[in-house]
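Copied from Swiss-Prot, the annotated features are:
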type     : residues                                                                                           : note
ACT_SITE : His126                                                                                             : active site, proton acceptor
BINDING  : Ala29, Thr33, Phe40, Arg41, Gln106, Ile108, Asp109, His126, Ser200, Ser201, Asn225, Asp242, Ile243 : NAD(+) binding site
BINDING  : Phe40, Ile108, Asp109                                                                              : nicotinamide binding site
BINDING  : Cys134, Cys137, Cys159, Cys162                                                                     : Zn(2+) binding site
DOMAIN   : 3-253                                                                                              : domain 'Deacetylase sirtuin-type'
Amino acid sequence: MIAPSLSSGVEQLGDMIAHASSIVPFTGAGISTESGIPDFRSPGGLWSRNQPIPFDEFVARQDARDEAWRRRFAMEQTFAKARPARGHRALASLYKAGKVPAIITQNIDNLHQVSGFAEHDVVELHGNTTYARCIGCGKRHELDWVREWFFRTGHAPHCTACDEPVKTATVSFGQSMPSDAMRRATELAQHCDLFIAIGSSLVVWPAAGFPMLAKECGAKLVIINREPTEQDEIADLVIRHDIGETLGPFVGN
C-alpha cells in the first residue's frame with residue numbers, strides 16, 4: 001500500500017512501530033544524503049564521473065591501488081564533516097528504546113555508529129570507509145597512517161605485518177561479501193516482525209534479498225524511498241517522501 005500523504009504514512013508507520021517487538025531497519029544511501037554524503041549511483045554521483053575500480057584490478061595493479069586511495073582522500077572532507085541526519089537519529093532512538101536489536105546497512109559512512117548504535121549492532125554489508133584493512137592478513141590500519149604513507153610516497157600502502165596491499169575496509173566490485181555480516185543479516189531478517197527498508201533502490205544483490213526474506217518469514221515490510229522500487233508491490237506500506245521528514249517525528253520518541 002502506498003501512503004497517500006506524508007502525514008498518513010507517518011501515522012501508519014507509528015502504529016506499526018508501536019505494535020512491533022523486533023524492528024530491523026535496512027538502510028541505503030538515501031538516508032545519508034541529508035548528511036551531505038552523495039548517493040554514488042545517482043546522476044551526477046561519483047560513479048557517473050569515475051568508474052568503480054574492480055577488486056581484481058586493485059589487487060593486480062599498483063596504479064589502480066594508487067587511484068583508489070586518491071579518490072578516497074578526495075572525499076575526505078565529505079566524510080569528515082558528515083553528521084547523523086534525522087533518519088539516523090530516529091533509528092538510534094528506536095534502538096535505545098529496545099525496539100531495534102540491530103541494523104543492516106549498505107552504507108560505508110559509519111554514521112549509524114556515530115548516531116548511537118553499538119558497533120556490534122551495525123551489520124555492514126558493504127564495509128566501512130573510516131578505516132582500512134590488509135587484503136592479505138586482514139590487519140586493521142587506521143586512516144591517519146594510510147594518509148601519511150600515501151602523501152609521503154605518492155603510492156598506496158602495504159601492510160606492516162605481511163606487506164600485502166591495504167585498502168579501505170569496504171567491499172569493492174568483484175570482492176566477496178563479508179560472510180559474518182551476511183549470516184547476521186539473514187538471521188535478523190528471519191526473526192523480526194517489522195522490516196523497514198530506508199533509502200535503498202533495492203537493486204543491489206544479494207543485499208536486496210533481505211526485505212523479501214523478512215516478508216517471506218512473516219514480517220511486515222515498510223519501504224521508505226523517494227523513487228519506486230521493484231519490491232513496492234510486496235510491501236505492507238510504501239512511503240515515497242523525504243526520509244528526514246518521515247522519520248523525524250520518531251527522534252527521541
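Glycine is treated like the rest: Cβ placed from N, Cα and C.
Its Cβ placed at the centre, Ala29 (NAD(+) binding site) has 21 other Cβ atoms within 10 Å. Neighbours of the Zn(2+) site: apart from Cys134, Cys137, Cys159, Cys162, residues of the same chain with C-beta atoms within 8 angstroms of the site's C-beta centroid are Ile135, Gly136, Gly138, Lys139, Thr160, Ala161, Asp163, Glu164, Val166. All protein chains shown were included, and the count of other CB atoms within 10 Å of the CB of Cys134 (Zn(2+) binding site) stands at 21. Over the domain 'Deacetylase sirtuin-type' (3-253) the predicted model carries a mean pLDDT of 94.
The Cβ of Cys162 has fewer other Cβ atoms within 10 Å than any other of the binding-site residues Ile108, Cys159, Cys162, Ile243.
Between the C-alpha atoms of Cys134 (Zn(2+) binding site) and Asn225 (NAD(+) binding site), the distance comes to 35 Å.
Ranking the binding-site residues Ala29, Cys162, Ile243 by Cα distance from Ile108 (nicotinamide binding site) puts Ala29 first. On a Cα basis, Gln106 (NAD(+) binding site) lies 5 Å away from the residue listed as 'active site, proton acceptor'.
Looking at Cys159 (Zn(2+) binding site) and Asp109 (NAD(+) binding site), their Cα atoms lie 23 Å from each other. Taking a C-beta cut-off of under 8 Å and a sequence gap of six or more, Gln106 (NAD(+) binding site) has these contacts in its own chain: Phe26, Thr27, Gly28, Ala29, Leu125, His126, Ser200, Val204, Ala207. Listed in sequence order, the residues of the same chain lying 6 or more apart from Cys137 (Zn(2+) binding site) and placing their CB within less than 8 Å of its CB are Cys159, Ala161, Cys162, Glu164.
All chains included, 20 other C-beta atoms sit within 10 angstroms of the C-beta of the residue listed as 'active site, proton acceptor'. Under DSSP, Cys159 (Zn(2+) binding site) is assigned to coil, being neither helix nor strand in the three-state scheme. Long-range Cβ contacts of Asp109 (NAD(+) binding site) within its own chain (separation 6+, distance under 8 Å): Ser32, Ser35, Ile37, Phe79, Ala82, Thr129, Thr130.
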